[in-house]
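Straight from TrEMBL, the features:
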| type | residues | note |
| --- | --- | --- |
| DOMAIN | 110-522 | domain 'Major facilitator superfamily (MFS) profile' |
| TRANSMEM | 176-195 | transmembrane segment |
| TRANSMEM | 235-254 | transmembrane segment |
| TRANSMEM | 266-284 | transmembrane segment |
| TRANSMEM | 333-354 | transmembrane segment |
| TRANSMEM | 374-395 | transmembrane segment |
| TRANSMEM | 407-428 | transmembrane segment |
| TRANSMEM | 434-454 | transmembrane segment |
| TRANSMEM | 466-490 | transmembrane segment |
| TRANSMEM | 496-518 | transmembrane segment |
Amino acid sequence: MAKTHLTTEALSHCCIPRRTAAISQHLQLPDTRPQSRFFYAGRSRFRFRVSAGIKEIRSVAERGNEEPVGLASRFRADDRVDETVSASGKEGGLDLDFPPWKDVPHRYRLIGATALAFVVCNMDKVNLSIAIIPMSHQFGWNSSTAGLVQSSFFWGYALSQLPGGWLAKSFGGRKVLEIGVLVWSLATACVPFLAGYMPGLVLSRILVGIGEGVSPSAATDLIARTIPIEERSRAVSFVFGGLSVGSVAGFLLAPSLIQSLGWTSVFYIFGFIGIVWYFGFSFVTDVEPTFSDEDKTRLQPAVTSKSQNPSLSELAASLKDVPWKSFFSSSAVWAMIYAHFCGSWGHYTCLSWLPTYFSEELDLNLTEAAWVSVLPPLASLVVTGIAAQFADYLIGSGVDTTRVRKICQSIAFISPAICMTLSSLDLGLPPWEVVGILTSGIALSSFALSGLYCTHQDISTEYASILLGITNTVGAVPGIVGVALTGFLLDSTHSWSISLFAPSIFFYLTGTVVWLAFASSKPQNFIKLD
C-alpha cells in the first residue's frame, strides 16, 4: 500500500494540538516501546498514523500547542479514504489486526514458542511407547529387546544434561533449544529407516534423548534471562506444562495414526512437526531482559553481558571458570539434587508402569487402560495453571520466595505420597475410585513446577541452566534404574504395593524433609574455589 510523507505545513492542518491532552495520558506507561495512535484530520481523505516513542510523546505534551516538528518524519498517511466501508460495514477504513499475536509482548511470544517445543518434545517421547507393540510383532522382538530400545532414550537424556546446561550458558538458551529440537526431530523421522537394524535404532533413540535432554536447560536459561521474578512461576509452569500437553497429544494421536497409516506414520509426522517448529522459531524475535531495577540489583550482571558467539578459547575458559566446587558446597544445591531425584522416581515409574497396573491390577481392558493413562497429564494441566497463579500471587503479595517454593514443593511431594498410600491399601475401593485417587496425586505433583523448577533461576540467573543440568542428570537416573527395578520387584514379590508404590512413597517423604530443611531461593554468589 502506498505511503505519503507529509511536510510540516501539512501537519499544521491536523488536530495534533487538540490531542495533546490525550497523548499526555500515556506519560505514566512503563512500557518504553514505540506507542502508536490514530488521529483523523476532520473530513480529510487521509488517515494519519502517529508513531512515537514515550520520550517524544512527553516532549509533545510539554510543548503544548507548539508545532511538533520533531515528529514530522514519523508521520505516515494511508491512501485509504475515510469514507471506505469496511468488511463489517463500519466507516473509517479497514484496520486489520493481523497476525492476531502482533500486539503480544515479545517475551510472551518467546515463552509460547518454547512451550510449543516442549509439546513436540513429549509427543516424540511417548510415540515409541505406543508404536513398540506393532514394531515388536513385525520384527519379532521379545520384552528384553523392547525394553532395551525404550531405555536407550534415557541414556542420551542423562548424558546431555550437563553439556546442555553449559552450552546454554555459553551460546544462549535460544540457540541450544533450536538445535535440540532439530536433532531430536530428524532422529525421530529416521526411526522407520533404522528399525530393522538394532544398533542404528538404538543410536537414533539416543539422539532423541540428547536433543530433548538439552532442552530443559535451554528453556531454563531463556526464562532466567528474559522473565522477571514475579512472572517466573507462570512462565516455568507454562513452558514445562507443554510436556503434559505433549503426552496427551501423543497418547491420543498415535493410536489413530498407527491404525490408519501404520506405525511408521507417527515417526514421520511427529518428526515433521518438529522440523516445522525449527523453521518457524526463526520468526520469533529475541527480547531484552525485562527486569525491574530491583530485580537487576539482585541478579548477576551476566544477564545482559553474555556473548552470543564465543570463540573456542572463550568456550574453554567459560567451562574452566564454572564454579563446580562452589555448587557442591551449597546445601541448597544438594536439596535441589535430591528433590529432583525423588520427584523423577515417582514420575518415571508411574509413567512406565501405571498402564500395566490399570490393566492387570484393576482389570481394565487395554482400551480403557490407554484412555485412563491420559487422565494424569490432563489433570496436571489444570493443576499447573492453579499452582503458577498461586505462587506468583504469594510472591507478588510480599511472601518470601523461599517460603513459597517450599510450600509448592511440599504439596508436590506429600499429595502423591498420600494418594499412593491409599491406593496400596486394601480398602475395597472400586477401580475408578482408585484411578481418581492416583490421578489426583500425580496431578498435584505438578506443583513442583512452581517449586523445584523455579529454584534454579531464583538462586542464580547466570548458572541456572548448568544447575538444572546437574539436577536433571541425577533426575534421569530413575528412568534407567527405577523403571527396571520396579519390574524386577514385581517379578519377585508379585505386589504392586511393594514394587511400584512403596519406593515412590519413601522418596516423596524423604524428599519433603530434605527440601524443607535445606532448600533456599536466596540468590547465591557462586565463586570459583581452588
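The backbone N, Cα and C atoms fix where each Cβ goes, glycine too.
Any TrEMBL annotation is an automated prediction that lacks curation.
By the Cβ criterion (under 8 Å, sequence separation of 6 or more), the transmembrane segment (176-195) is in contact with the transmembrane segment (266-284), since 3+ such pairs are found. On the 0 to 100 pLDDT scale, the domain 'Major facilitator superfamily (MFS) profile' (110-522) averages 83 in this prediction. With pairs at least 6 apart in sequence, the transmembrane segment (333-354) and the transmembrane segment (407-428) have 3 or more Cβ pairs within the 8 Å limit; the two touch.
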